[in-house]
């Protein structure tokens, strides 16, 4: 009975690898390149005692703790710096990768009707789910092992073999843990979109929870599964307990997913789809309203999600913006007014670092809305629309309009959340104009990225997804550029690199206009391409 | 309103290449007001590509196609104001209801939800409150059909519209198409179901490997083919084996079966009538015979058989 339910699991796993090999390879290469590439540079970056001391000072500020997690106690080596800078970040990327593969290969396959055809053969009920889990398990294991081996070869000052394997395999384990969580969520909903939204929601809550516990009482971070990665204490205590916890949670989640899967019908979820209206509301009448109607839930989730993230970051302002905490000597050197000014400056520096996070996150829903012109086309959803008097011009600009508006609104929401959250805890009022300066400053690079997607839609529709890659690259350079001492020219690869550190620096109107110019040109060229090309047909 | 002598759809040597692949090599046909045009051909012959090209979804590589005298790509928006289309595979947004999608399509086509729409929903027995995610293929087709039939258009394009419908709904579809025809509308119906085409279409175009190999009415096409005759005679008829225009003769003791080219029917009948006919049964070629005649031959040359 048992084996019958798992019939052909290994065959399906092999088949999945064959089907996904390109995507699997791209993810693996990118992740390993990122991790091992950074590791290889680290001895040069933080080889000297002086350099280590400097960066540790930065990493110990509450602002950095909120982003990268809490540092174990010293003394520190190059390897310690590496572990504290990379662990949380790599865990986030691992979550994104695992969500993608699990949801795509379970609920996605089911939604497309592929599972039905597979299940009609002598294939066990749980085979598809277990094959998908097995696939990502192997993926995470291989990536984790290569991380470990890469660390062995990089041979950072202060590493030990135990720590190398702990960090590598631990990151693999956290990836699989997120995969198993997504596998459960994929059983609950009856479509992959909702499954993705819910998975990221769970992830977002964990991320925020670990951030709050990190800056306040870091022992509570043990309560957050995502926070376990910070508890490896790599190269210090080399604690394998978090890895064990992750595996236990993964097993529980896997069993739960199996249970839920065998207690439901193919195509259905536990959260049922309700009936709706028999008539369209008067608002549903054109491309903009259609796009809104299709995406309103995810747009609202993005908007409020980012706003809450902003408010959470804001709520640590009082810890961050207290220079006396990290530097008690200051009290003797500066008067209250000067200390206040110094505190505000620290907060502004922190905001300048966060803006890039909000801007990049805000672009995700915008780019995804634009890319619908391609995915909707290739999946056939837009075929009837194209046969109506709706012109391509209207469809293109309507979509761009909603996408741009969404990105700007989500971006604004993040900063507004930051403003609200910050002022809730600060004794010293932070004027909204500080936040607006960041908002205006990042508006133009935001539009350039939108423009790139518009251009791709018009001329290279099959490659629209590469803008996400560009976005991640831009984020990586902005976020890690200083920490990894990347060369100055690297910042100029993305439009974000041309923006002065707002709100610390002033908003530069000239940069704003030339970037807007580029965005408009990209959108215009994209329009010409979109108007004259074949639509993609399946 | 529409001039009966001016074609609504005019396709002249239309070509479409995808890279090096010639999907459409030479498509030529016209559709006039009040005409139901059947477009038949096997999978991959280029039916949907033709339809998507005349809808301006694909850009023609050569030749010319006009609807209402306007260029199908450049004037797509103007043309689309007066056409209705049901694709072969209907994909509907999973999180909208059928009713919402029907209304949306109508609004996008500058039409409105009317009594006719409600009537069609009832006739096709569609539950418009259900999310499209829960619809079967047939129900998704119904959504597109209801929207198309309640649109006031001059040209209706159906790409295999009944492949998911049950016989009852298929009949409703056929009735609605007859109504359109009665009102002087033009209909392009691409289909695999030959009995449907035979029953509904005034003219037929057969497409093969991106080329129209035959157009005309079924009667005209029949003229090009053979009638099957089963005959019983008192006197033996061995001469049939050598008569011109006679094929596939099976001489039996009781019954003889033969195929006759339409042009030779008269001479063959004259010959048979001298042989004391006991019983005779003549079957005109069905569309299926026609179809198979064009597709069965592996060498691709249907003409050398004539």
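Each residue, glycine too, has its Cβ placed from N, Cα and C.
Copied over from TrEMBL:
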TRANSMEM  A:21-40  transmembrane segment
TRANSMEM  A:81-103  transmembrane segment
TRANSMEM  A:132-153  transmembrane segment
TRANSMEM  A:165-185  transmembrane segment
TRANSMEM  A:197-213  transmembrane segment
TRANSMEM  A:240-260  transmembrane segment
TRANSMEM  A:299-320  transmembrane segment
TRANSMEM  A:350-373  transmembrane segment
TRANSMEM  A:394-419  transmembrane segment
TRANSMEM  A:439-457  transmembrane segment
TRANSMEM  A:464-481  transmembrane segment
TRANSMEM  A:512-530  transmembrane segment
**Request:** Using Cβ atoms only, state whether the transmembrane segment (A:299-320) and the transmembrane segment (A:240-260) have three or more pairs under 8 Å that are 6 or more apart in sequence.
**Result:** no
**Request:** Sort out the residues at least 6 away from either end of the transmembrane segment (A:197-213), same chain, that have Cβ-Cβ distances under 8 Å to it, and list them.
**Result:** 66-67, 69, 92, 95, 99, 103, 178, 181-182, 185, 188-189, 219-221, 223-227, 230, 297-298, 301, 305, 308-309, 312-313, 315-316
**Item:** Close approaches to the transmembrane segment (A:350-373) from elsewhere in its chain (Cβ under 8 angstroms; 6 or more beyond its ends)
**Value:** 63, 67, 291, 294-295, 298-299, 302, 306, 309-310, 313, 317, 320-321, 382, 395-396, 399-400, 402-404, 406-408, 410-411, 413-415, 418, 434-435, 438, 441-442, 445-446, 449-450, 453-454, 457, 461, 464-465, 467-468, 471-472, 474-475, 478-479, 496, 501-504, 530
**Complete:** Contact count check, CB pairs under 8 angstroms to the transmembrane segment (A:439-457), set A:21-40, A:132-153, A:394-419, A:512-530; argmax is A:512-530
**Request:** Determine whether the transmembrane segment (A:21-40) and the transmembrane segment (A:132-153) share at least three Cβ pairs under 8 Å, counting only pairs 6 or more apart in sequence.
**Result:** yes
